[in-house]
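Working notes, structure below.
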Amino acid sequence: MLAHSTAQDLILQQRSSDDHPQTNPRQTGCGAFIILSSVIAAISGLLVGYELGIISGALLQLQSLLELTCQQQEIVVSALLIGALVASLVGGCLIDLYGRRTTIIFTSILLVFANLLPVVVVSYGSLIAGRIFIGVSISLSAIATCVYIAELSPQDKRGMLVSLNELMIVAGILLAYICNYLFASVNNGWKYMFGLITPLAALQAVAMFFLPRSPRFLIMKGYDDAAGKVLQKLRATTDINEELTAIKSSIKAEYQYKFLDLFCSRDNMRARLLIGLTLSFFVQITGQPNILFYASTVLKSVGFQSTEAASLASTGIGVVKVVSTIPAIFLVDKIGSKTFLCIGSAVMAVSLVSVGLVSLQLDVNYNNICKVHTVQNHSLQDSFVYGPVALAKHNESLFEETGTWLESTKASYHSTSQNGTKLLHVSAPEDSSFGFTVKEPKVKSQSDEIPEYMKWLCLSSLLAFVAAFSIGLGPMAWLVQSEIFPAGIKGRAFAITSSMNWGMNLLISLTFLTLTEMIGLPWMLFGYALMSIASLVFVIMFVPNTKGRPLEEISKELANRSYMCNAVCHRRRSKKKLTPVALIQSPA
């Protein structure tokens, strides 16, 4: 998810302290108290990942229980994103106003309430409300947790401790998929899916009361003495004056830029923002949110017929996300973020084309990917019988279609209502030539069965797509953004790119099932593949190579107003370094 707005805050805080290395003291030491504090705070990451992944399996039961239409399923999924988008716009202000620790406590309590709401009040409305509150909770906690851990950690251990949150996110997604499988065949299993995580959220809220406030937040509020005491406890040393001075200098640097500078030519900030927004755009437009939210639904449609099989297959996606994230975290400094972005985008394109080609052979299975198959909503020709026929009260179009069709066959009929359900009483015409017969259930022939190799080819391609995203656009898009913006305006720049991220996530998730019904899943996948190719081209042309380079050097390169033009014209300043020395030396 995302939806990966959490990853952006992770990388932001991991790198922000390095923007002015000459002013930051070397903070050493990573005692048990710091590790414990980081683990407790990082539980928020587990909660975020769980909430992003659990709806995939819950929808398989909810769509039949609540008779959800295609559009209603999209709204259920997108409700979380609506809440997250709204929260992302004000999240930075809230954590600065009330504090990082207080925000985490609030979001944990809100998450408990939001998960229990649809369980206690089983209705479509309560489900939507609960998902919106969950979106608000995970968006705020994503920001607050990473900031809190980064501000507690010593500089030399900050990357490792903040990365713990990202690992917890993918672990939460895996946990959600496992729960989807375990409760797939349980009666009202969706209630267990929603309720299982609430005790952990409640325990985190209680545990956070015993952890210290962020020293940076205390200094921002003028409590320098309290901040000094917290640092002494965290660093196990009395010499904290140098670090206090560095924190104050960092806070002062944030006021050198104004928000509107992001849209101006100062230091070529407008071009930098364009790069950041485009990367956020590609994170979502390549289809990753739909693989996350609709994994079980899609896998069920390609031949994993039972709910349990689809949920088990989607669990593999969670495993791959966890395994793939580890090398991305530990090898990025050696390989480089741009290389990971290129490899990830290329593999994503190939994987999506593979799934699309397979799905062309199974098009009939995708046409009804999100329809509710109940007795009341089967097609007229497939379920028509004589006598009373019950039609769902919300299915006006089918009722009108039935009456029109019966009039054309000269059959007699009349309608009544019983307990809110329309009953259509049909009598066969005297002339049997009209062909009124009760159809026998269709028995699927062996030729209609989906070949095993196609099912597993589709699954393996989806796993390759997830792995490619987890080493590419997933974490690296936010890493690049953390390196292209100056420290003084980085937080405000991330607020804009975060809004783009959540907004595109909302748009993609809200339209996936509808567009799939309109054009078919194969063409949706081909469209995502095309966007992956576009992402590859964009990265090659416009994203700077940041491997092993100081942030000051990267910023200096991007500050050149002709940077974008030079990229389009394939002119790179590095070529000047390849000029033989003999050609520029004067003759002796």
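Keep in mind that glycine also has a Cβ here, set from the backbone N, Cα and C atoms.
Residues annotated as topological domain 'Cytoplasmic' in Swiss-Prot: 1-28 (among others). The average pLDDT computed over the topological domain 'Cytoplasmic' (1-28) stands at 44.
Sequence annotations record features per position, and here Swiss-Prot assigns transmembrane segment to 29-49 (among others) based on sequence analysis.
The topological domain 'Extracellular' feature in Swiss-Prot is assigned to 50-74 (among others).
According to Swiss-Prot, the transmembrane segment annotation covers 75-95 (among others), on the basis of sequence analysis. The list of residues near the transmembrane segment (75-95) in space but at least 6 beyond its ends in sequence, with Cβ under 8 angstroms from a Cβ of it, reads 2-3, 5, 51-52, 55, 59, 62, 68, 103, 127-129, 131-140, 143-144, 147, 293-294, 491-492, 495, 498-499, 501-503, 505-506, 509-510.
The helix, strand and coil residue counts that DSSP assigns across the topological domain 'Cytoplasmic' (96-103) are 7 helix, 0 strand, 1 coil. Under the heading topological domain 'Cytoplasmic', Swiss-Prot lists 96-103 (among others), citing sequence analysis as support.
Per Swiss-Prot, the feature transmembrane segment maps to 104-124 (among others); the stated evidence is sequence analysis.
Helix, strand and coil counts under DSSP for the topological domain 'Extracellular' (125-131) come to 7 helix, 0 strand, 0 coil. Annotated topological domain 'Extracellular' per Swiss-Prot: 125-131 (among others), in sequence order.
For 132-152 (among others), the entry in Swiss-Prot reads transmembrane segment, with the evidence type sequence analysis.
What Swiss-Prot records for 159-179 (among others) is transmembrane segment, and it gives sequence analysis as the kind of evidence. Through the fold, the transmembrane segment (159-179) approaches residues 6-7, 10, 13-14, 30, 34-35, 38-39, 41-54, 56-57, 145-146, 149-150, 152-153, 192-193, 196, 292, 295, 311, 314-315, 317-319, 321-322, 325-326, 329, 470, 475 of its own chain, all at least 6 residues removed from its boundaries and within a Cβ separation under 8 Å.
Among the features that Swiss-Prot reports, topological domain 'Extracellular' is placed at 180-191 (among others), with the record citing sequence analysis. Per DSSP, the topological domain 'Extracellular' (180-191) is made up of 6 helix, 0 strand, 6 coil.
Among the features that Swiss-Prot reports, transmembrane segment is placed at 192-212 (among others), with the record citing sequence analysis.
Helix, strand and coil counts from DSSP across the topological domain 'Cytoplasmic' (213-272) read 43 helix, 0 strand, 17 coil. Here Swiss-Prot flags 213-272 (among others) as topological domain 'Cytoplasmic', drawing on sequence analysis.
Per Swiss-Prot, the feature transmembrane segment maps to 273-293 (among others).
According to Swiss-Prot, the topological domain 'Extracellular' annotation covers 294-311 (among others), on the basis of sequence analysis.
Sequence-distant contacts of the transmembrane segment (312-332), counting only residues of its own chain at least 6 positions beyond either end whose CB sits under 8 Å from a CB of the stretch, comprise 53, 56-57, 163, 166-167, 170-171, 173-178, 180-181, 291-292, 295-296, 299, 304, 340, 459, 462-463, 466-467, 470-471, 474-476, 479. Summarising the annotation, Swiss-Prot assigns transmembrane segment to 312-332 (among others).
Marked as topological domain 'Cytoplasmic' by Swiss-Prot: 333-339 (among others). DSSP states for the topological domain 'Cytoplasmic' (333-339), grouped as helix (H, G, I), strand (E, B) and coil, give 6 helix, 0 strand, 1 coil.
Counting residue by residue with DSSP, the topological domain 'Extracellular' (514-522) contains 8 helix, 0 strand, 1 coil. As a quick check, the transmembrane segment (273-293) and the transmembrane segment (192-212) miss the bar of 3 or more Cβ pairs under 8 A, pairs 6 or more apart, so the two do not touch. Using a Cβ-Cβ cut-off under 8 Å and counting only residues 6 or more beyond its ends in the same chain, the topological domain 'Extracellular' (125-131) has close neighbours at 55, 62, 66, 75-77, 79-80, 83, 114-115, 117-118, 194. Using the rule of three or more Cβ pairs under 8 Å, pairs at least 6 apart in sequence, the transmembrane segment (460-480) is in contact with the transmembrane segment (340-360).
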